[in-house]
Amino acid sequence: MDLNLGKCCGSRSSKKESWRSVLLLAYQSLGVVYGDLSISPLYVFKSTFAEDIQHSETNEEIYGVMSFVFWTLTLVPLLKYVFIVLRADDNGEGGTFALYSLICRHVKVSLLPNRQVSDEALSTYKLEHPPEKNHDSCVKRYLEKHKWLHTALLLLVLLGTCMVIGDGLLTPAISVFSAVSGLELNMSKEHHQYAVIPITCFILVCLFSLQHFGTHRVGFVFAPIVLTWLLCISGIGLYNIIQWNPHIYKALSPTYMFMFLRKTRVSGWMSLGGILLCITGAEAMFADLGHFNYAAIQIAFTFLVYPALILAYMGQAAYLSRHHHSAHAIGFYVSVPKCLHWPVLAVAILASVVGSQAIISGTFSIINQSQSLGCFPRVKVIHTSDKMHGQIYIPEINWMLMILCIAVTIGFRDVKHLGNASGLAVMAVMLVTTCLTSLVIVLCWHKPPILALAFLLFFGSIELLYFSASLTKFREGAWLPILLSLIFMIIMFVWHYTTIKKYEFDLQNKVSLEWLLALGPSLGISRVPGIGLVFTDLTSGIPANFSRFVTNLPAFHRVLVFVCVKSVPVPFVPPAERYLVGRVGPVDHRSYRCIVRYGYRDVHQDVDSFETELVSKLADFIRYDWHKRTQQEDDNARSVQSNESSSESRLAVIGTVAYEIEDNLQPESVSIGFSTVESMEDVIQMAEPAPTATIRRVRFAVEENSYEDEGSTSSAEADAELRSELRDLLAAQEAGTAFILGHSHVKAKQGSSVMKRLAVNFGYNFLRRNCRGPDVALKVPPVSLLEVGMVYVV
């Protein structure tokens, strides 16, 4: 949509175009967001009436279950998600990590290493809410003071992440199995039990095998399939209401819930584990918020998905209230008119595949986010579309999910056990979202704690009721998501814990700048042509792996760049703000530092574009740095020799911006002060890229007292030195680039506890050996790779 439309056509035309775009997004969201939620009528009633309760002539059970389904759909997806949780977005992004990122920006509870104050200057980092009040500052201070709460918060987020992964395994199994189960009405029992499982497994194998092609080629048919399915189930539901029981609307009264529990007692409470499946997929509304927007998801659910689901469930309840002795027990397909059975079966299978595809893609996305925040072992991430952001494929995870999904389908063989397992995973994710949203209400929205407590108690009690009912089915399938989440949580926490310890080891063993400056021919050190990119997690100082490299191979490249690729707690980092560049040592040393910042949903560049852009940023920095030096030298008349011994030995990291070539067109800039490791006050000025005629540049301003001893040189000499430095950079680029990475072996300190030794010596090293190396994550070509062996004692 053209943002200038309103200026050209008037506000009325602009509003019309805006609503047209929102409605289009709402339509497209059907295939991505609501596939899983829309197919739940296939198995809700069948799971609920599996064993715990029986259908009686009085219809109290049917009416009670219908009342529970209606109020659960109304309170959780509609009230909680559509009107509250969707507003807790992180720059338009949703999901567990979005909530965690939002909290970490308002409260210092992040466990991410190499955090810099300069990160707060990012445009996506801005805190738009009013200053904190007394009530939320108390909560903030309490959270920041107790370090164990930081770990507890991370564990809570990891729990939600692990349950999403478990849901990615269970949802395809139960969705496809329930859809294919419609064949039971057209087959004998003997043939049915030998046909459904193979057909389900075949569909699942095809589904996972096609993942590497991406969904962008067939994604345009997802929305029509789900729309057709919603119209189909709502139409059948309306027909059943009119045909069998027009008074089924009475079941919407909450009194039937209490009557149901009073009659069925413990059995009714245990049957809630099947009822909760009606909200399977509701979390996708928040998790996929970044692909659409708040208005589109709200409109699609409120005016289409919600009414269609209510009609579908009411239609099933109306049919079952008049058929107490069905030969095929209770299920979705018994309420479908016989003339529509085969078309509905075909649409149901297609809709189940679409719903499964959405949760599989969501699993890939959340694992990629976990990896970017250092909470998951390195895996290969393939971007399946150059046009659509976020379309990724992870081979290892895909095949693991496929094997486990088929194993679960063959092992459980019925909707009851699959529903018990899926329900527990779904409810655990919702509980995590409720807890994190209550923190957002206090810390980010600055609302009174009593409001957050009311939100937590109201929705938390509903979800705990369902969660407790799911736990009672532990031996009947609910053990699976608990086991899976435990395994994944151990893997993620061990990886994150050891990664933090490695960073602390690097921080303690970094080498001083003086050591680097002392390296020269007198010590037998030679400089070879080319650019050496030394990758490190440190944002200051010289990493120990470089000193080890020089010790074993007394040579390094003519142009040396210490590169730190780091993640910041924002979803995206604008390209104009991604690079922070600075000098390491004096000008003639040709050493630089570059910090590359990515958000947890950013797409990492391939090595060719990264290398080209990095050299471009270095060239821009060199030009502007010499321009600034010349101005300061002309104004202050300070000596270059003094500068080299003092100021240039200080590390200063700067940000990249775009500014106009013309002097009279200066963009608005924001300044933020921060201290480097030498306690020098720097000022970073960052601006948004201009729409036309712009060149990427770097602005770097230093306090005047940092150059007290600097002398002045002539403009001609400065230009000559500038050209010389740029020629050296160009020559080094033509000579080739080498990527220097550490190859780590980690072991626990002597005297460490048994748990720590198991986690570090066996757990982490096993994961490191069997997962992708850092060169794969950074997409480094093997021909340009130099690995330095490092032993970390943590």
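All positions are counted from 1 along the displayed chain.
Each residue, glycine too, has its Cβ placed from N, Cα and C.
According to Swiss-Prot, the topological domain 'Cytoplasmic' annotation covers 1-21, 86-153, 287-294, 361-391, 498-794. According to Swiss-Prot, the transmembrane segment annotation covers 22-42, 65-85, 154-174, 194-214, 218-238, 266-286, 295-315, 340-360, 392-412, 418-438, 439-459, 477-497, on the basis of sequence analysis. Swiss-Prot lists 43-64, 175-193, 239-265, 316-339, 413-417, 460-476 with the feature topological domain 'Extracellular'.
Under the criterion of 3 or more C-beta pairs below 8 Å, with sequence separation of 6 or more, the transmembrane segment (392-412) and the transmembrane segment (439-459) do not qualify as touching, having fewer than 3 such pairs. For the topological domain 'Cytoplasmic' (287-294), the residues of the chain that approach it from at least six positions outside its boundaries are 22, 25-26, 28-29, 32-33, 86-87, 89, 92-96, 98, 164, 358, 362, 365-366, 390, 571, 601, judged by C-beta separation under 8 angstroms. Sequence-distant neighbours of the topological domain 'Extracellular' (239-265) (same chain, 6+ residues past either end, Cβ-Cβ under 8 Å): 52-53, 60-68, 70-71, 271, 311, 314-319, 321-323, 335, 337. Where the transmembrane segment (295-315) meets the stretches 65-85, 218-238, 418-438, the count of C-beta pairs under 8 angstroms peaks at 218-238.
In this chain, the transmembrane segment (418-438) lies close to the transmembrane segment (65-85): three or more C-beta pairs between them fall below 8 angstroms, excluding pairs fewer than 6 positions apart. Residues 174, 178, 250-251, 256-257, 259-261, 263-264, 267-268, 270-271, 273-275, 277-278, 313, 316-317, 320-321, 324, 329-332, 415-416, 418-420, 423 of the same chain lie 6+ residues outside the topological domain 'Extracellular' (43-64) yet bring a C-beta within less than 8 angstroms of a C-beta in it. Counting Cβ pairs under 8 Å that are 6 or more residues apart, the transmembrane segment (22-42) and the transmembrane segment (194-214) reach fewer than 3 and are not in contact. Residues of the topological domain 'Extracellular' (239-265) grouped by DSSP class, helix first, strand second and coil last, total 23 helix, 0 strand, 4 coil. Taking H, G and I as helix, E and B as strand and the rest as coil, DSSP gives the topological domain 'Extracellular' (460-476) the counts 15 helix, 0 strand, 2 coil. Residues 95-97, 112-113, 154, 158, 161, 164-165, 167-168, 212-216, 219, 284, 287-288, 290-291, 397-398, 401, 491-492, 495-496, 499-500, 567, 569, 598-604, 767-768, 771-774, 776-777 of the same chain lie 6+ residues outside the topological domain 'Cytoplasmic' (361-391) yet bring a C-beta within less than 8 angstroms of a C-beta in it. Across the topological domain 'Cytoplasmic' (498-794), the prediction's mean pLDDT works out to 71. Outside the topological domain 'Extracellular' (413-417) by six or more residues, the chain places 43, 46-47, 50-51, 174, 177-178, 181, 197, 476-477 with a CB less than 8 A from a CB of the stretch.
Here the topological domain 'Extracellular' (460-476) has Cβ contacts under 8 Å with residues 72, 75-76, 269-273, 275-276, 416-417, 420, 423-424, 427-428, 430-431, 434-435, 482 of the same chain, all six or more residues outside its ends.
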